[in-house]
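Reviewing the structure listed below.
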Amino acid sequence: MLFLAPGYIFPNVATPVTVAIDFAQAVKQGAYNVLDLKASPIPNPELFQPPSRIIRGPLNYLLSLPGKDIRGKLIDALNEWFRVPEDKLNIIKEIVVILHTASLLIDDIQDSSELRRGNPVAHRIFGVAQTINSANYAYFLAQAKLADLNDSRAFDIFTKGLLKLHRGQGMELYWRDNLICPTEEEYVEMVSCKTGGLFYLAVQLMQLNSEVTVNFSNFINLLGIIFQIRDDYMNLQSGTMTKTKGFSEDLTEGKFGYPIIHSIHAAPNDSQLIQILKLKTKDEVIKQYAVRYIESTGSFVYCREKLDMYLEEANETFRGLEMLLGPSKGIRAILDFLRTR
């Protein structure tokens, strides 16, 4: 039987068999004492570095696909106020983009998605197991970068942020898998965790490196809610979304998006929409019917009205922040972008 020492890293070689042979030869030749746990497990450890290129494959693939980068733009815009030094800002941006990309890798598996940004999802290319591993690796890769911020509080912020993100994701999956339509209030709470949580994690890391101590939680929470409701609306109404993710993908996923939630509650005695979600269908005829049904319950109109309401609240909060901190063209541009549909 072959024993591997604690801390042994599989080398960048073709097969596990090669690993076993090389390691066994090292032991046989006396280059490694199996009883000495402090010894190097191989005679030339520099030849056996972690195969990070392979491990990062799904992550790097998704990073290479162009996206909206709304989080990076938000960080740059907020920095008009925070004035975080460039080196620290770049670290924070890298942490956030890695976390966001890792969450997308997992989301696409959990949702059985086929397209991401108009291209095949990572797990269709690399496989489910390798993609999950790459996403998990990315979470810890982001965590390791916290050390470069030189502030012990960053780890607590990071941990709480990821716990919040996974709580939100867990509730959304629970509703979907058990065909439980949440209330509007439950949806907003979920979004505050899932979408707003990563936004706020970025803000908190920035404030560790800034003299600005103003509480941004309400404003960032509003941005997260607006972003997610808009995304749910666009999923069912936007031609652009059809090209990048597929036609009305939320229906195929069985997801309780904002317009769908309103439509179900608007006609509580009609189970048609619930039954369509249960099918998780790819049939465009059925999905087109579902979109017409959602339209018939006034849910798209309601969605636009709620977006306008949240946007007005966000703009009012933004004006208050400008009075305290000065103007921000970047934040104004983001709010204008979120108004477009």
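Backbone N, Cα and C define each Cβ position, glycine as well.
Features of the protein shown, as given by Swiss-Prot:
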type: BINDING; residues: K68, R71, H100, R117; note: isopentenyl diphosphate binding site
type: BINDING; residues: D107, D111; note: Mg(2+) 1 binding site
type: BINDING; residues: D107, D111; note: Mg(2+) 2 binding site
type: BINDING; residues: R116, K194, T195, Q228, N235, K245, K255; note: dimethylallyl diphosphate binding site
type: BINDING; residues: D231; note: Mg(2+) 3 binding site
type: SITE; residues: Y139; note: site 'Important for determining product chain length'
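Here the features listed in Swiss-Prot are placed on the structure.
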residue : record                                 : CB count, 10 Å
K68     : isopentenyl diphosphate binding site   : 11
R71     : isopentenyl diphosphate binding site   : 19
H100    : isopentenyl diphosphate binding site   : 21
D107    : Mg(2+) 1 binding site                  : 18
R116    : dimethylallyl diphosphate binding site : 22
T195    : dimethylallyl diphosphate binding site : 21
Q228    : dimethylallyl diphosphate binding site : 21
D231    : Mg(2+) 3 binding site                  : 17
N235    : dimethylallyl diphosphate binding site : 23
K255    : dimethylallyl diphosphate binding site : 19
Nearest-integer angstrom distance between the alpha carbons (Cα) of T195 (dimethylallyl diphosphate binding site) and D111 (Mg(2+) 1 binding site): 16
Lowest local Cβ density (other Cβ within 10 Å) among binding-site residues: R117, K194: R117
Distance in Å spanning the most remote Cα pair of K68, R71, H100, R117, given for isopentenyl diphosphate: 16
In three-state DSSP terms, the structure that D111 (Mg(2+) 1 binding site) belongs to: coil
In the chain carrying D111 (Mg(2+) 1 binding site), residues 6 or more apart in sequence that have Cβ under 8 angstroms from it: E249, E253, K255
Number of Cβ atoms other than its own within 10 Å, given for Y139 (site 'Important for determining product chain length'): 16
Cα-Cα distance linking D231 (Mg(2+) 3 binding site) and K68 (isopentenyl diphosphate binding site), given in Å to the nearest integer: 12
8 Å Cβ shell about K68, R71, H100, R117 centroid, isopentenyl diphosphate site members excluded: G67, D69, I70, G72, V97, T101, L104
Distance from R117 (isopentenyl diphosphate binding site) back to K194 (dimethylallyl diphosphate binding site), taken between C-alpha atoms, in Å: 20
Nearest of the binding-site residues (R71, D107, R117, N235) to Y139 (site 'Important for determining product chain length'), judged by Cα-Cα distance: D107
Candidates D107, R116, N235 (binding-site residues) - the one closest to H100 (isopentenyl diphosphate binding site) by CA: D107
Cα-Cα distance linking D107 (Mg(2+) 1 binding site) and Q228 (dimethylallyl diphosphate binding site), given in Å to the nearest integer: 14
R116 (dimethylallyl diphosphate binding site) versus D231 (Mg(2+) 3 binding site) - Cα distance in angstrom: 14
